[in-house]
Amino acid sequence: MAKAMQATHALALPAMLKGALFKSVHALGASGSIRHYYVAQLNRSVLCHISVNEINLGSTLFLNSKKITAACGRSSVSTTSYRRGMLATCRMSALTETVKEGTTESLKPLDPEIKGDAIRKRFLEFYAARGHKVLPSSSLVPDDPTVLLTIAGMLQFKPIFLGQVPRSYPCATTTQKVVRTNDIENVGRTARHHTFFEMLGNFSFGDYFKRQAIAWAWELATQEFKLPLERVWVSVFEDDDEAFAIWRDEVGVPVERIKRMGAEDNFWSSGATGPCGPCSEMYFDFHPERGTDDADLNDDSRFIEFYNLVFMQYNRTDDGQLEPLKNKNIDTGLGLERMAQILQQVPNNYETDLIYPIIARAAALANVDYQSADDRVKTYLKVIGDHTRAVVYLISDGVYPSNIGRGYIVRRLIRRVVRMGRLLGIRGDGQGNQEGAFLPTVAEVAVAMSKDVDPNVEQQKIKIYNELKREELRFVQTLEKGEKLLEELLAEALEKRGTDTPCLSGKDVFRLYDTFGFPVEITEEVASERGVTVDLAGFESEMEIQRKQSQAAHNVIKLAVGGAAQEMLAQVPETEFLGYDDLTSSSSILAILANGEALGEASEGEEVELLLDRTPFYAESGGQVGDHGYLRVFGGDSEAVVKVKDVVKEAGRFRHIGVVQDGIVKVGLGVEAEVDPVLRTRAQIHHTATHLLQAALKNVLGSDVSQAGSLVSFDRLRFDFNLPRAMTDAEINKVEMLVNEWIGMGVPVTSEEMAIAAAKEKGAIAMFGEKYGEQVRVISVPGISMELCGGTHVRNIAEIRGLKIMSEQGIASGVRRIEAVAGNAFIEYINARDAVVKQLSASLKVKADDLAGRVVGLQEEVRASRNEAAALRVELAVAKAEALLSTATSIGDSSTRVLVASLDKIDAESLKAAAEHLLAKLGDPAAVVVGSSPGDGKVSLVATFSPSVVKQGIQAGKFVGTIAKICGGGGGGRPNFAQAGGRQPEKLDEALEKAREDLKAQLTKSS
């Protein structure tokens, strides 16, 4: 067992010595990020890695021991102990790579073994020496369709772990680029959260297992990286007695520093079924003086988890049982940034040499000192440091800013960096050019530091800088206007707050989003910093109105609401919705609108919008169309009927849009509201089928598939989702089969209102970028689907009866669309297709099963006939051309043979063959120009010149293009052959005469 290592403790610098060192640092002439870093080190009052005789800060500075003794002066730390401490600790934990004036300047600390690059190298070499294959990091864009980005070091080995492909080596080690954005709001606010980081890992594919993995992990930590034994703690899964015993008996970790933890922390699984196993994690203790009693490994102020060992030893079956795997695997992950924080003895990951140089560059552009800055400014700088790394590597791997999928992640990160820079006061490029961009300048540092991570980044740097500049400048244009407006709105909200918490209205948030392109998440962040909340429900309401307005009107007229009507609406209470349980209700008319005006009554034939106190009608939302039905009005002089053809919702008020079919409708009268039950059933069948479809897509294509839009109507469903490629026929069939298998299971559908936190904890799907209230409605198909949804649904999925996918196609970059039918629409679709098949079978006199073969045969016959006809047309054209040979004339001293003629009703391909035949017959030198009008108002022209003519400077491409303009067309080609077309056949003779004259002139001139 390894012996305990004496801990190295930092010594507090006496104020006088610190002052002397400050002067020394500045005397070196260091500026920008160099000075920022070393001042940071001195400000921490830590003396680490400083030699008694010299400090290497890019230049050599000698400090003899007498000067140091004098500098210590009357400090409470004695000269002798100070010298002893200096000799023991030796050197400064310092930044090793920084960028000064656009170049990378190497600062060599006297102990290079704790640099980030060195830690990475030492890890890989450690496992390479133990038989592991060193492999490069995989791309941040994974081959695995189940995830959007590479989120773990093991991802490239997942097919091996799942037994999908055989192993090529028994064990491997990597350093993997990783991007995670699930807790982006914590970046810069905690010591260790990042969007981009490096995961060092060692993996065994059925080779070594738990005992060896633990032994090597301990050796790496305590002997290679020399972590003090008394500062290393471990956790094991609560039931993993084997791992506990190995740590205690074979490694020798005291029992009080081994913690048993539950499945949430220490059990890994690849999904509901499949490979899984317990974990064991290693932690570094920053405060061992607190003792071992009641120590909590989740206490971030004391512990940092730096190494995770996953023992993949079980297979979870469909019934939840754990079966031992035949080949047990090891999957580990050591956070490079975390180990750097420990070894470099800095307070957080951001101040390691892996990130701090980027922060220093940003601080220099903002003209701020990181160490003396307040927490708010430090947070801005940390976000810039982290996000810059992420976008540099993402763009290098081919992910460009867009509004969907991976591209949206890049765009969001870039926009956060830009906003943080502006909050720091950076304008333009931060170096005087107000029209420039600062992000490329900051990115230069990340690129310069990338060589040991991904050499491809350096090769892609121009592309990276250009993309960052383009995106930053585009965003700044709208951001400036949005920032100004947002500041005014926040000031106004703070002035009006009174005793309530100030709130930014949903309408104002929507205006920032819709007019100025100001992302709602940034509005939230800025408002939060000022102590102002945001009305997200109101924002969503405004978004819903916009969606409805942007839809095609078709035959439905959308009646505008404004002016007096809008004021009146504000006085109407929200509509009580009864439609989840009832399709009829007795209600009262609260308001009547027509053409944007509030009315007291409406007569037969008028298009109106009625607002009721309560309704069973579902209002268009969540992709589902509004209900149709009738409002039967009573209580007046006579009964009236309104046929409802749409229902929309605004601020909780349902507007029933329809036509008065009979009688007079008045405000205050009662109505019997009746939803068309047939159409409601069709809509809710399609809505529940949409949930099943999404679940099946996630099952077949991967869990990262997410909704990008939907339509739930009476006759079909439409589902848009993120996928960077077309689905294969096999995948489409698998999705369809899976949905229909589920339908056959007859699973009940349940709905439940609950807190959003509880819903997410249960696993309910919430759309990326969507905002929800505290209370949400959860629609569940147990064992199949669970989504946040306000739509109407069937009570049992058996009511769907069947689903058929009609089409799958791309509608935007990275977005696919499926259209499908279910229920009665499914039966109608199948019957229509069946009718077509029967008709074709009867016409072609074959059985339905033989239709495909018969159609292929017919296609081949048609193709052969077309080829035969084309060959005959060519033969006819050549025969006609043969008769024209006698019309050729000789021009110029070289007696160039020239033939310009028209061939009636010859297609372009046949005309080409005729021209080539004529040139061959005429020999060299010769020039042929022929034209034809094959019909349909078209003109075809061909010019072909022999080599001698081309040598005279006459080119067929230029020549025929000029001639074709006379016929209202154009064309071109090679010097010796060209084709052209036109749409004025009546001018063909004129064009050919022009060709004859031009050839004569040019050939005479050149002879």
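Using N, Cα and C of the backbone, Cβ positions are placed for all residues, glycine too.
Small disclaimer: the values here were computed from a predicted structure and weren't measured.
Per TrEMBL, the features are as follows:
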| type | residues | note |
| --- | --- | --- |
| BINDING | HIS687, HIS691, CYS789, HIS793 | Zn(2+) binding site |
| COILED | 848-882 | coiled coil |
| DOMAIN | 114-832 | domain 'Alanyl-transfer RNA synthetases family profile' |
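This view paints the features noted in TrEMBL onto the structure.
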| residue | record | Cβ neighbours (10 Å) |
| --- | --- | --- |
| HIS687 | Zn(2+) binding site | 25 |
| HIS691 | Zn(2+) binding site | 24 |
| CYS789 | Zn(2+) binding site | 23 |
| HIS793 | Zn(2+) binding site | 26 |
Would you list, in sequence order, the residues of this chain other than HIS687, HIS691, CYS789, HIS793 that have their CB within 8 A of the centroid of the site's CB atoms, where the site is the one recorded for Zn(2+)? GLN684, THR688, THR690, VAL712, VAL749, ILE779, GLU787, GLY791, THR792
